[in-house]
Amino acid sequence: MHVPGPQLPHFPSLGSVRLTTLCIFFALGSYVWGYLVGIVGTVYVSPGFITALKKPKAPQVGMMTAFYYLGTWTSFVFIAPRLADLLGRRYAAFIGALVACVGAALQTGAKGGRETGVSMFIFGRVVSGLGTAVLSTSVPLYQSEITPARRRGRYVVLNHIGFVAGLASAFWVSYGMTFWKGHEGVRLSWRLSIAVVFIPAAVLCLGIPFTPETPRWLLEKGHEKRAEQSLLWIRGQASPTPEVTAELDEIRANILYHHTHSITSWKTLFRDRDLFARLWRAALLQFLSQMSGSTAMKYYLPTNFLALGLGRRMALLAGGIESTLKIACAVIGMTIIDRIGRRAALFVGAAVMVVALLINGALPQAFPGNKNHASDYACIVFIFVFTFGYSIGFGPTTWVYGSEIFPTYVRARGLSISASGGSIGSIIVAQIWPVAFQHIGSRTYFIFMSINLASIVIIYFLFPETKGKTLEEMDGLFGKVTVGSDESVNVKGNTSTTGESGQESPKGEKDGVLISVGEKV
């Protein structure tokens with residue numbers, strides 16, 4: 001009688017280990033981005049910062065936040081896509097990290113009178129915004145272009161996990177700085193807390209030269225041999241395999257097709273009706289993501305906790321816990337986004353945020369003056385609930401949706417331009433929140449609750465589900481991208497015609513992919 005032996009443990013393949021390691025490493029770029037976003041909210045309540053900049057007023061604080069997003073908008077539209085296409089995804093991230101650090105250095109050294117100090121700090125925020133916009137687009141581009149289609153959502157969400165890890169670290173660093181007592185502690189702690197960002201940025205910049213460029217970008221630039229070597233290494237193969245060869249053929253055919261039809265200008269995104277249908281949806285989703293109230297929760301979270309009666313140290317501690325919760329929620333989002341779909345994640349997240357904002361707006365009106373501690377604690381709990389909603393909804397889904405609906409040849413430009421919609425939303429919120437809170441108090445939350453309610457309706461009617469869709473199927477959702485020819489090139493270089501229905505015929509199809517419309521997403 002045969003007795004089965006013990007079950008051997010399953011170990012990930014070399015390709016899976018390398019893919020995961022690369023995606024986590026490049027998430028350091030998102031970590032830098034998140035840290036620079038999170039640290040400012042803690043600096044705003046620092047006694048040393050308030051003293052050094054001569055007690056900046058609420059509109060000035062709003063400008064410090066808003067001008068950062070002016071920098072990101074400028075970079076998203078004019079700089080980030082060009083760097084990603086010119087230098088490659090890796091070295092775009094490298095440049096982005098360096099520029100972000102220059103901005104952080106300017107913020108760290110801000111001093112002088114109210115006008116001089118505030119101006120120097122704002123200029124540093126603008127420079128940081130220019131750099132982090134490059135990071136926030138080049139990192140998900142890199143992750144999406146090295147990842148197999150069936151697992152893309154999971155790995156691109158690592159971009160969001162890196163971001164929220166940076167946010168959390170910023171709060172914990174600032175919380176730790178509160179224990180630095182004495183005159184020197186008050187004077188220097190806020191400056192040192194900003195300067196901490198140089199550490200992860202240095203690790204990223206030192207490691208980037210040792211990572212492979214994406215095969216897709218290398219083929220775009222004509223580096224055939226390097227592209228093959230890059231994909232072989234990423235997939236953990238020593239020599240070409242049929243799978244790797246097929247993957248390279250798909251990329252090559254896609255690039256050849258779009259080069260043949262001269263699809264190179266970013267203006268195509270606006271001129272082609274069906275591409276524009278994708279662009280405005282991605283941009284609107286970015287805009288709604290920031291108008292949901294997330295910008296205010298990132299930048300003014302310690303201030304919001306102070307308004308609920310917490311002391312400065314406790315406010316920073318609560319901020320650290322809240323931001324750490326975002327990491328766990330982002331991991332949950334990573335596991336469910338490819339299961340329940342993009343629309344369901346957005347619906348659930350927005351509904352949760354509506355409830356949380358309603359509670360935070362209503363309870364302080366019913367029990368003003370921090371006299372009812374149970375009311376204040378309930379508001380704090382529902383700020384955490386808001387975090388859960390955002391982290392499973394808009395937080396990760398916005399970037400996944402935007403990175404997958406564009407064809408490859410306009411993906412960098414499409415993602416960057418659509419991300420500028422988020423910058424516009426953030427500028428609006430950054431200006432509204434401190435001034436509105438000063439004049440109407442907790443009723444400010446009702447403004448953003450209404451926006452989330454509107455978002456549910458907008459998403460229901462205007463945003464189709466993209467989970468598991470190939471780019472061929474994307475044409476059915478957003479309209480077929482027409483580029484001046486009725487023919488398309490398939491994986492083997494043959495042609496397939498488009499019928500009156502707008503759907504490709506089965507001829508030339510390989511694993512659900514037709515190169516006329518890119519790759520499986």
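We count from 1, first residue shown onward.
Even glycines carry a Cβ here, placed using N, Cα and C.
Unlike curated entries, TrEMBL annotations are predicted automatically.
Check TrEMBL against the ranges 122-143, 276-297, 298-319, 320-341 and you find transmembrane segment recorded for 122-143. Put simply, of 21-46, 91-110, 122-143, 155-176, 344-363, the stretch with the most CB pairs closer than 8 A to the transmembrane segment (188-211) is 21-46. Over the domain 'Major facilitator superfamily (MFS) profile' (22-467), the average per-residue pLDDT in this prediction is 89.
Residues 140, 152-153, 156-157, 159-160, 164, 282, 285-286, 288-289, 292-294, 297, 301, 304-305, 308-310, 318, 321-322, 325-326, 329-330, 332-334, 336-337, 342, 345-353, 355-357, 359-360, 363-364, 366-367, 414-415, 418-419, 422, 463, 466 of the same chain lie 6 or more positions beyond the ends of the transmembrane segment (375-402) yet place their CB under 8 Å from a CB of it. By the Cβ criterion (distance under 8 Å, sequence gap of 6 or more), the transmembrane segment (91-110) is counted as touching the transmembrane segment (21-46), at least 3 such pairs being found.
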